[in-house]
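Notes for the one structure printed next.
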Amino acid sequence: MSIRYIDEIENLSGKKLFMRVDFNVPLDDNQNITEDTRIRAVLPSINYALDQKAKIILASHLGRPKGERKEKYSMAPAAKRLSRLLGKEVKLASDCIGDEVKAMINAMQPGDVIMLENVRFYAGEEKNDADFAKALANDCDVYVNDAFAVSHRAHASVEAITNCFPVVAAGFLMKNEMNYFEKAMKNPIRPLVAILGGAKVSGKIEVLENLCDKVDKIIIGGGMAFTFLKGMGYNVGKSLVEDNLIDTAMKTYEKARAQGVKFYLPVDCVVADQFNPAAETKVCPIQEIPEGWMALDVGPATVTLFTEALQNAKTIVWNGPMGVFEMDAFSRGTFAMVSAVANSYALTIVGGGDTDVAVHRAGEYAKISYISTGGGAFLELLEGKKLPGIKVLEDKGHL
């Protein structure tokens, strides 16, 4: 069944529209937002609903308050920033459920926007509790999910709440996320290349197993590469290795090779004598990692190899950095890959999280076709899983 989108709902005028957004944005010590991409990402849906004269009730979480009210996790900074971006008042409710909130919603005029307080102030949110979901729905008329980044969570404001509405739909951000994912994984223009990085194989092994059936090339960088390299018999010193996953990693490698997938691993690396920005470093081939040293970035020969592997790519999907790019000494590999991906002639899709941060830092944001707002959600799609938040929209949101 197909998902219904916000622009397919008839007559939103005067309707109370409950929209789940993801305003889980980073804050500094003074509660100032340091990066507002997630807020900007849902402006198209909010502005559409405003144009349709809907009454908009926004719900989000921020941080991990673990079912308790903690003021440092208040949605106040997000409401303030959204107010500035929309050029109109966004009222912050004192809570997300209760009589006071209900009265506030009932007093709304068409075109008003209310931001509910953090839904994770209640344990019922993460427990997907039906009673909490009903209280949260507050007799609203329409439910819209535009929070892709939390759609892999079976939480009350994402899944259970859909049972409280006659009409459920997805917003434009969700539409973008699904469209680009389908372009990459369902109907890709080939060759399709997947780049996977990050520290641990354990976080990506299911992704790898799923991608073996779909991609033409797999490029592995970051700490996770060293579990594969140790499995191939290399001495990797003190580099990060998940010994319990060596067999699994090698089976996945063999599966990819058997299916004709080209599999690229680092041929050299930047090693350090300790995990420290001021550590002594040097570049060495994979075969010559010194005893007691650890690899913290891919080396220049690897960058050349990986860049050449991207030369003929028509679709590139990337999740996970090539090294510990937060430290300058180990950032060159990741930034070189950002440049290679950004300057390719392919459709380029970058998964959220660290890779998103690296692309921003490298100043290549505008050259990437699409940067996903979801880290975990993006990974679960790559694993071939149905996300709970999307499944309920498919089940209940058909026209």
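Start at 1 and count along the chain as shown; that gives each residue its number.
Cβ coordinates come from backbone N, Cα and C, glycine included.
Checking the candidates Glu182, Glu326, Glu380 against Swiss-Prot: the one annotated together with Lys204, Gly352, Gly353, Asp354, Thr355 at the ATP site is Glu326.
In Swiss-Prot, the substrate site is described by Asp22, Phe23, Asn24, Arg38, His61, Leu62, Gly63, Arg64, Arg153, and among Arg84, Arg120, Arg190 the residue recorded at this site is Arg120. DSSP classifies Asp354 (ATP binding site) as helix under the three-state reduction.
Note: the Cα of Arg120 (substrate binding site) and the Cα of Thr355 (ATP binding site) are spaced 27 Å from each other. In the three-state DSSP scheme, Arg120 (substrate binding site) is classed as helix. Around Glu326 (ATP binding site), taking its Cβ as the centre, 14 other Cβ atoms fall within 10 Å, counting all chains. Listed in sequence order, the residues of the same chain lying 6 or more apart from Thr355 (ATP binding site) and placing their CB within less than 8 Å of its CB are Gly197, Trp318, Asn319, Gly320, Pro321.
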